[in-house]
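One structure is given below, encoded as structure tokens.
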Amino acid sequence: MDYLPIFTDLKRRPCLVVGGGDVAWRKARMLLKAGADVRVIAPVLNQAFQQAIEQQQVSHVADEFESSHLDGIFLAIAATDRKAVNALVYQSANQRQVLVNVVDDTQRCSFIIPSIIDRSPIIVAVSSSGKAPVLARLIREKLEALLPQHLGRMATIAGNFRARLAKTVTSFSARRQFWEQVFDGRFSDLVACGQEQDAKQELINLTQSTSPQGQVALIGSGPGDAGLLTLRALQLMQQADVVLYDYLVSDEVMDLVRRDAELVCVGKKAGFHSVPQEETNQLIVKYAQQGKRVVRLKGGDPFVFGRGGEELEVLFDANILFQVVPGITAAAGATAYAGIPLTHRDYAQTAMFVTGHLKAESDQMDWSTLARGKQTLVIYMGLMKSGHIQQQLLINGRAGDTPIAIIERGTQKKQKVIKGQLSELEQLAKNAESPSLIVIGEVVNLSEKLHWFGKQEQSLQQSAVVKLA
């Protein structure tokens, strides 16, 4: 081990920064964040330093560095572009037994500054001992993605509860088991949802009961590309005991679920066995009441034609804790991957999202509004009703030559885009499979320039050739 990682309390300790440029300011800002009394030595300062001095955050000596500037200093950092000055800072600090760091010169460092993941009071430091700083930064980025933002709040609440716990739970091993249960259970989810008073009450409840309480996370998995999954969604998926998922959730996303989680398909798809919504609701409640951490995983966003609101109402009535993690809805994700902007100053000032899967057989659509020009119309689950959609839009005034696109499996490796005109919609839909999104409006033509992902768009004629072949 080349260096011993030590976390140092710098609050109100005098720390010196030599240099007045951008690099020196980054180091000074880090010291300020740790509560240090920062002094800067430099003839000239950048604007950030000048603002900090005006706000009395740092003190400044407008002079060249001298050894006497280290008198009474706890820690020093040299960040100038002059090797002779940096060497003098290092030599002078060593003579006074002052900790010193010369930026980008490990030979002149008695300490080095690691890459930091700050979830105060939880702090994680990553260092390559100065050998590969970029690698250390990449490792830090990966850890940033894995560590939830609410870790610090969890640690603070837990720290304030430790003394109280010691009075009621005297055994060290029992206290350890208590905290393991706390940090892997409902307490964590309450803090993540900003319900800190309930989280504190949960700690009290856990000292009086050993039965775990279940919770549900309603998660949007996005349109298919696992890279579009949110960090929060990934964290919860890897903590789940049970995952109830739809057919629209891609295999890529399902591969990221915790390996030993129970997987339950509750999807609905034409031609396949479908689980009624009422049965899905009952399953979610059942698993949560067993004390399990349940993930309800939906394609796209759960609140955009996903019936997420209905499922949460059932959980509310059953007094079960829940949280919602939004996902990128197909209208945003699939169109972006197809090179179709939803709005454009020249072509569309409005974007409307509607579902083609109507309740029962009633048609409650305001077709006169949907048929307006200068807007983009995005239709979810519209393939089976494509003929009706085409007919109603034409009857209500939308031009037959309005550009349209059907995006099949948007954002996924098998994405296919079929383009044509509104007058061809019903015929085009015969060449597409679910899940598909219908986009209607002049913005579709922009995909000729903006298309960047997957197969090139197919026209009606190309699709017909494929079918004949």
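Just so it is clear, glycine is given a Cβ too, placed from its N, Cα and C backbone atoms.
So that you can see what the record holds, here are the features copied from Swiss-Prot:
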type: ACT_SITE; residues: Asp246; note: active site, proton acceptor
type: ACT_SITE; residues: Lys268; note: active site, proton donor
type: BINDING; residues: Asp22, Val23, Pro43, Val44; note: NAD(+) binding site
type: BINDING; residues: Pro223, Gly299, Gly300, Asp301, Val304, Thr329, Ala330, Met381, Gly410; note: S-adenosyl-L-methionine binding site
type: MOD_RES; residues: Ser128; note: phosphoserine
type: REGION; residues: 1-203; note: region 'Precorrin-2 dehydrogenase /sirohydrochlorin ferrochelatase'
type: REGION; residues: 214-469; note: region 'Uroporphyrinogen-III C-methyltransferase'
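Structure with Swiss-Prot features highlighted.
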| residue | record | DSSP (3 states) |
| --- | --- | --- |
| Asp22 | NAD(+) binding site | helix |
| Pro43 | NAD(+) binding site | coil |
| Pro223 | S-adenosyl-L-methionine binding site | coil |
| Lys268 | active site, proton donor | coil |
| Gly300 | S-adenosyl-L-methionine binding site | strand |
| Ala330 | S-adenosyl-L-methionine binding site | helix |
| Gly410 | S-adenosyl-L-methionine binding site | coil |
- Task: Drop a 10 Å sphere on every Cβ of the binding-site residues Val23, Val44, Val304 and tell me which sphere holds the fewest other Cβ atoms.
- Result: Val44
- Message: Can you give me the same-chain residues 6 or more apart in sequence from Pro43 (NAD(+) binding site) with a CB-CB distance under 8 Å?
- Response: Gly20, Ala62, Asp63, Glu64
- For the recorded positions listed here, Asp22, Asp246, which shows the highest count of neighbouring CB atoms within 10 A? Asp246
- Task: Specify the nearest of the recorded positions Asp22, Val23, Val44, Lys268 to Gly410 (S-adenosyl-L-methionine binding site), where nearness means the distance between Cα atoms.
- Result: Lys268
- Which is it, of Ser128, Pro223, Lys268, Ala330, Gly410: the one of these recorded positions whose Cβ has the most other Cβ atoms within 10 Å? Pro223
- Task: For Ser128 (phosphoserine) and Val23 (NAD(+) binding site), determine the Cα separation and express it in whole Å.
- Result: 20
- Task: Sort the recorded positions Asp22, Val23, Asp246, Lys268 by C-alpha distance from Gly300 (S-adenosyl-L-methionine binding site) and give me just the closest.
- Result: Asp246
- Write down the Cα-Cα distance for Asp246 (active site, proton acceptor) and Pro223 (S-adenosyl-L-methionine binding site), rounded and given in Å. 12
- For Asp22 (NAD(+) binding site) and Ala330 (S-adenosyl-L-methionine binding site), the CA-to-CA distance in whole Å is 42
